[in-house]
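Data first, discussion second: the structure below is written as structure tokens.
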Amino acid sequence: MARVYREGDIGNEIAQKRIAVLGFGSQGHAHALNLRDSGCEVTVGLYRGSASWPKAEEAGLRVAEIPETVRWAEVVMMLLPDERQPPVFREQVAPNLAEGNLMLFAHGFNVHFNQVSVPPEVDLGLVAPKGPGHVLRSLYEEGKGMPALFAVGRDATGQARDLVLSYAKGIGCARAGVLETTFAEETETDLFGEQAVLCGGLSALLKAGFETLVEAGYQPELAYYECVNELKLIVDLIYEGGLARMRYSVSNTAEYGDYTAGPKVIDEGVRERMREILADIQSGRFAKEWVLENQAGGSSFLAMRRREAEHMVEKVGAELRALAAEGAQSPAGSPAGGESR
């Protein structure tokens, strides 16, 4: 079992360092605000004219352009989108790093697949909260924390491990627990989870279930409720207590169908394709494809985004959400669309 580091295991070295947070999106705003509220000295690095600049200032944070921010800092956390990181790092970050600095990333993609090259005299680390930034921030404000992974890619100073862990503590993650990993393991498992299960696999499963019912003549609205809308109820149960809690909470009929039908959906053919997806990630094939797609302007990516947005499941979902919102706004005792009884 991996060791879990908690607040009592970790020092406060990060509070003695000047920290640059590059980016002020979902993760950037949470890291910067949590660090500040933990007593750290933080500057947000952005490009001049960024829409996030006034937002960061309104939050009470110091903001400067990226080169200036990096020169000022001793610890630099890169929180720009993956596809924007390589040119920004090459042109604005790397030339301004000093010997003994700590360069941090929240995802290992660009380091693991050699899209950025951190100078050898600079420490290299990873702190990856396992959830979106707005949740990281809200948990911190509630006195709670979000689990995170950490890794040390290079320890040029002999102090990198303690400082990386201290950063994780500063953003509140040690309240929940911090697990050690490597850049390779974090990157490959994260990409696989996104592609085969959480995003790619799940999206395809939801659409396939919806389409199967609609093609069989069932109402699209019922197909949406059964195959998409109720997913949150199931996921919440799994989050609370695993698959066992979910199976305990559903009917015996649903549980029996889980055991008998599930293996028909996820059969050996699906498992083999999942192994192929993992192999493409491990070999760097997916990374190369994604890098080339961005270098070409992302036209294929944007076309897929537009096509998926036009799927019937999106239109039906939007209609049902609007109907639910209308019902929620109706006065008590006066059902929307009907007479008061």
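Yeah, the Cβs are placed from backbone N, Cα and C, and that goes for glycine too.
Within GLY125, GLY131, GLY133, GLY143, the residue that Swiss-Prot lists together with PHE24, GLY25, SER26, GLN27, SER50, SER52, ASP82, GLU83, ARG84, GLN85 for binding NADP(+) is GLY133. All protein chains shown were included, and the count of other CB atoms within 10 Å of the CB of ARG84 (NADP(+) binding site) stands at 14. Of all the binding-site residues given, namely PHE24, SER26, SER50, GLY133, ASP190, GLU226, those whose Cα is no farther than the 10 Å limit from the Cα of HIS107 (active site) are ASP190.
ASP190 (Mg(2+) 2 binding site) has ASP82 as its nearest neighbour among the binding-site residues PHE24, SER50, ASP82, SER251, going by CA to CA distance. The sparsest Cβ neighbourhood within 10 Å, among the listed binding-site residues (ASP82, GLU194, GLU226, GLU230), is found at GLU230.
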